[in-house]
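> One structure coming up, written as structure tokens, with questions to follow.
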Amino acid sequence: MELFALLIKVAGLLATVTVGANVVSYSRFRRQNLAKFRSPIDESKEVLADFNSIEHEEGKFFFGLATAPAHAEDDLDDAWLQFAKETPCSAEEAEAADKKARRKKVKLAVGAITKGLAKNTHGKEDKNAADKPPSKNVAAWHNAPHAEDRLKFWSDPDKEVKLAKDTGVTVFRMGVDWSRIMPVEPTKGIKEAVNYEAVEHYKWILKKVRSNGMKVMLTLFHHSLPPWAADYGGWKMEKTVDYFMDFTRIVVDSMYDLVDSWVTFNEPHIFTMLTYMCGSWPGNNPDFLEIATSTLPMGVFHRALHWMAVAHSKAYDYIHGKISLKKPLVGVAHHVSFMRPYGLFDIGAVTISNSLTIFPYIDSICEKLDFIGINYYGQEAVCGAGLKLVETDEYSESGRGVYPDGLYRVLLMFHERYKHLKVPFIVTENGVSDETDVIRRPYLIEHLLALYAAMLKGVPVLGYIFWTISDNWEWADGYGPKFGLVAVDRSHDLARTLRQSYHLFSKIVKSGKVTRKDRSLAWNELQKAAKAGKLRPFYRGVDNHNLMYADGLDKPQWRPFVDRDWRFGHYQMDGLQDPLSRVARTLLIWPLIMKKRIRKVKIKHTDDAGLVLHPALASPFD
């Protein structure tokens with residue numbers, strides 16, 4: 001009995017220490033990341049943001065549009081096409097896929113660190129997964145017409161280039177595909193491995209962009225590793241640095257005079273995590289040991305990022321070593337999500353994730369950056385081993401929480417860390433998947449206001465690039481989520497239809513201003529849809545605990561627009577939602593509620609009988 005009592009005391013002590021540690025961690029997180037701020041935007045003015053008034057050493061503030069080879073190019077036999085085509089076709093393969101799906105449970109902790117999404121294991125708690133066949137590698141691809149055509153940007157770049165030009169943007173961000181230029185491993189020398197016709201074709205596209213009055217921002221690595229490199233381990237191996245430099249030299253030597261700025265790597269830590277830690281992207285199928293040790297100092301995560309950092313530094317030096325009258329701008333596009341804990345005991349996962357993803361890669365290359373590119377899409381509420389679908393928050397079709405304040409906070413945070421280097425920023429990607437186009441318009445305006453507010457606070461930002469021009473292939477989500485300013489009809493020769501957001505974006509770009517009128521029109525339309533209970537597509541599966549699955553959906557679920565004020569400077573952050581935090585919050589707030597419920601009567605008065613009436617207590621349940 002005494003032993004049992006001792007165990008109870010020890011358990012109670014451990015629970016108290018655990019709760020206390022999490023409370024301290026969350027308090028620190030809240031001070032650093034959730035502190036309230038006063039918006040520097042004067043909302044009483046007709047012009048809320050005037051980007052024309054801002055100049056820097058490189059010239060005026062610029063607007064741009066972005067695309068990438070894997071999203072847009074046809075006639076491309078890359079890793080993504082091969083990955084999409086891999087599907088179980090027999091009972092044996094289906095059974096093997098089921099076993100593999102069950103094994104994904106081991107990766108849940110990694111999922112919380114990487115993207116907070118649990119892999120769909122078709123378990124009993126999945127309210128959407130009854131009798132589903134094994135998941136495909138790429139959702140909404142096999143059921144999409146002419147899936148391999150993507151946007152035909154390789155054979156017909158004119159459509160995308162003209163659409164971009166007509167908005168008035170001055171920067172066109174695109175990429176060159178490594179596997180197209182080097183379709184085979186250069187074991188027998190560069191000359192035999194390079195497709196020089198592809199090099200010339202890329203030059204032809206770049207010339208088209210420039211002839212349409214736009215500067216070129218060229219990305220060298222955008223989530224697409226050549227299949228031959230994946231076969232030997234890809235970025236886990238040092239020799240990939242040498243091969244990447246062979247590729248870089250070919251591109252730079254051939255296209256240097258046609259390119260104005262360079263992005264060596266797009267979101268390197270995202271590629272590393274989803275490829276080498278989760279195995280949910282093409283290029284690797286990690287085993288248990290690799291997963292379990294992935295975030296250790298010598299684990300696959302740090303190892304792959306190390307070689308990508310070495311590759312960036314070498315590419316930076318090579319580009320700057322070219323003799324030219326113009327000074328090149330070389331940087332990376334770094335993905336940053338605003339992550340917050342859903343409950344008190346989720347602060348650990350958020351802290352670990354942030355420690356791995358926010359600063360380490362940029363820290364390792366910060367001495368060799370002419371700009372820091374920020375890719376920002378929204379916020380993520382971490383809950384246990386996944387991301388929570390918070391019913392009171394608005395989301396994109398891809399499951400990203402809409403949170404413009406996060407861009408403001410991220411820019412200030414990065415500026416504070418790197419201001420001693422005097423490195424400017426570029427928002428290299430920002431956008432939202434929204435087929436209805438009702439969310440996209442206020443999303444665009446509010447994020448531009450967040451960006452402008454950061455600039456008013458002293459953050460040097462050279463430009464803003466929106467993702468993307470036309471609806472395209474969205475990685476493992478296929479053709480489900482719609483990110484484009486332009487809709488694409490895949491059943492009718494990829495016919496384009498301009499969305500209203502296209503015209504709004506063009507108006508802002510050409511005027512350089514965000515007006516109060518445009519903000520009100522966009523926001524009021526969203527509010528009208530929300531109050532009417534209108535539905536929109538959503539391409540994430542959700543379990544009975546409202547945790548989102550990483551797997552995309554072939555066909556969307558339907559979710560109502562959310563009636564919540566997420567405009568820049570207006571968003572009210574929810575408190576922690578776990579049971580313990582709710583109880584504690586209630587206990588703390590209860591005395592305040594009671595005080596407010598007391599009827600305060602400053603002047604005594606009497607009834608008809610002359611008796612003194614004192615203030616009465618009102619029931620807190622009134």
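The count begins at 1 with the first shown residue.
Backbone N, Cα and C define each Cβ position, glycine as well.
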> Which one of 4-24, 298-318 shows up in Swiss-Prot as transmembrane segment?
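Result: 4-24 is the stretch Swiss-Prot calls transmembrane segment.
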> Out of Glu416, Glu429, Glu525, which is the one Swiss-Prot records at the beta-D-glucoside site of His222, Asn266, Glu267, Tyr377, Trp467, Glu474, Trp475, Phe483?
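So, going by the record in Swiss-Prot, that would be Glu429.
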> What same-chain residues lie close to the transmembrane segment (4-24): Cβ under 8 Å, and 6 or more beyond its ends?
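Beyond its ends, the transmembrane segment (4-24) has Cβ neighbours at 344-345, 347-348, 580.
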> Please report the number of other Cβ atoms within 10 Å of the Cβ of Glu267 (beta-D-glucoside binding site).
23
> List every residue in the same chain as Phe483 (beta-D-glucoside binding site), at least 6 positions away in sequence, whose Cβ is under 8 Å from its Cβ.
Gly431, Val432, Ser433, Trp467, Thr468, Asp471, Asn472, Glu474
> Other than its own, how many Cβ atoms are within 10 Å of the Cβ belonging to Glu474 (beta-D-glucoside binding site)?
24
> Using the Cβ center of His222, Asn266, Glu267, Tyr377, Glu429, Trp467, Glu474, Trp475, Phe483 as the beta-D-glucoside site position, which other residues in that chain lie within 8 Å, going by their Cβ?
Ala66, Ala68, His71, His223, Asn375, Gly431, Thr468
> Rounded to whole angstrom, what's the largest C-alpha distance between any two of His222, Asn266, Glu267, Tyr377, Glu429, Trp467, Glu474, Trp475, Phe483, listed as binding beta-D-glucoside?
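Greatest Cα separation within the listed binding residues comes to 18 Å.
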